[in-house]
Amino acid sequence: MLDSFKKNVIAIVLISVFIIGTISILMFQNGGLAQGAPPFKDNERDNRGFDEHEDRHRTPTHPRNKRDIDVDDEDYNIDQPTKEPLLPKEGPFNRINGVYEKNKKVNIKRANQVKEAMKFAWDRYSTNVFGYDELRPLSNKPNEWFGLAITIMDSLDTLKIMGLNDEFEQGKQYVKNTLNFEKKDDKVNVFESVIRVLGGLLSTYQLTGDKLFLNKAEEFGKLLLHAFHDKDPLPYGYLNLKTKEGQYLSWTGGCAILSEAGTMFLEFETLSQLTNNPIYKEKVDKILSSFIKYDSRSPGLIPIMLKPDGTKSCSSEISLGAMGDSYYEYLIKTWIYSNKTDNRYRDLYVKAANSIIENLYSEVNGAGLVTNYYEGTSKTSSRGGQQEHLTCFAGGMFALGAAAQVSKDATQNEKYMEVGKKITETCYKSYEMSPTGLGPEKFRVDEKGRVAFGGSPEYKLRPETVESLFVLYRLTGDALYQEWAWNIFQSIEKHCRVENGYVGLHDVSNPNNKEDLQQSFFMAETLKYLYLTFTDASVIPLDQFVFNTEAHPMRIVQTKH
């Protein structure tokens, strides 16, 4: 009888082991990495956090033309996990865990409302002009610019991040079955193509692991190589993707624009890294070398137009606005992207940042202001001046450099953070003082530090201010930046949302004078930054990603041990 009892026990144990093993295998098959996803390296701490977080945000199909989705509906909430998510540890790039949890219900509700805005913008585009570059909501007609469906290219990663999976799949099928880079026998702007199309495809691949997007990015990257030639390091401004013929901009007298030539580092470095093809990195290394050699009167500052050989300027103007902005942005971001290993970018950035503070930045009765500067002139006056909305990215740029400890001098890093905060506050005030709550293209700061209109009253759905608000919120944990961002979003909803999408304003003082264009960058940048301002830090953590200038996140290169 004892032997029979032992046999029964052994049989029960063996059956239990078999059942547990079978359940474990099934769980792994259902919950493991998606097929084709790039493997995570051992030292990539919590890199799977994004995919797990995104799965929690999957939502059911919603009526495509419903104007007002109830964002309090439990089925629509972005955060309905079966268990609480593991938030990334707090550190220099994340100070929000406590404040996010404290205001979690409000954050979820607000993120859902931004998500609904993205769905509305996408649905109106896809219903009316799908496959064209952009939508004109007032006339319900397409705006064709490059013939590359740039709204789709710009929206893919936003849709993926927000968990709008049906809409993402619609965009993916266009990329798979229809996207043709060489169909149009006309020139495209190389800079815009790099940041929107190449950047969008690379980002979407890194978020999904779907080789379709990497293959398309490589196909497009090979075409963009025709913008370079052996004679000069700076690329053409225009390129005909069909004939492969390039040209510099005629209105510049054949000169290259700093922000265009200097805004390829992230995308080309990423493409080389993902394809193991060094040619793209080699091209931007030549651009970088020409900037390193440039003999500037103010260390680190380069005029907005240059001869194609990169040795001489075609202008004496220095700007953190149009034609200069993203060059400086990419210096700090490409250094961070390299995991702080490529110090060529850091060295250039620190020189530039210090010279910007010395020559372009001023504080007027507490208001931080960045104006343009001309080589050989005296420092910007502390009596006030005019600033472009485009320059408002600089608040986030300075703060990001401070968090990354880009300077070896701790006091200087503190200075960068303070400058970043003051610039961001001034940019927000340009919205706050407006009758519509929307900031103009240009504004002035008077000698008493008051913000007023500055000659260009239009609002183009631009992202720069909300970008800096997002960055400052993540890096400081100060919920005031969330409130400012929310005020801006509410103004957008009130004055820019129309029956067929979102439009800008020709004059922020007159909400009835609307611009008939839903900018693709509104979906790539403005709505993405607003959404991320109300999510937890596991969604695109800033110690794992940097954003290109079109808000397409690029995964930071991991060091090998």
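Each Cβ is built from the backbone N, Cα and C atoms, and glycine gets one as well.
Features as listed in TrEMBL:
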| type | residues | note |
| --- | --- | --- |
| TRANSMEM | 9-28 | transmembrane segment |
| REGION | 38-90 | region 'Disordered' |
| COMPBIAS | 41-58 | compositional bias 'Basic and acidic residues' |
| ACT_SITE | Glu192 | active site, proton donor |
| ACT_SITE | Asp325 | active site |
| DISULFID | Cys392-Cys427 | disulfide bond |
| ACT_SITE | Glu441 | active site, proton donor |
| ACT_SITE | Glu464 | active site |
| BINDING | Thr549 | Ca(2+) binding site |
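Around Glu441 (active site, proton donor), the same-chain residues at least 6 positions away in sequence with a Cβ under 8 Å from its Cβ are Glu388, His389, Ser456, Pro457, Glu458, Tyr459, Lys460, Arg462. Note: the Cα of Glu464 (active site) and the Cα of Cys392 (disulfide bond) are spaced 5 Å from each other. Calculated from their C-alpha atoms, the gap between Cys427 (disulfide bond) and Glu192 (active site, proton donor) amounts to 25 Å. Long-range Cβ contacts of the residue listed as 'Ca(2+) binding site' within its own chain (separation 6+, distance under 8 Å): Ile195, Thr263, Asp325, Ser326, Glu329, Tyr330, Phe393. Taking the Cα atom of each, Cys392 (disulfide bond) and Glu192 (active site, proton donor) are about 19 angstrom apart. Other Cβ atoms within 10 Å of the Cβ of Cys427 (disulfide bond) number 30 in total over all chains.
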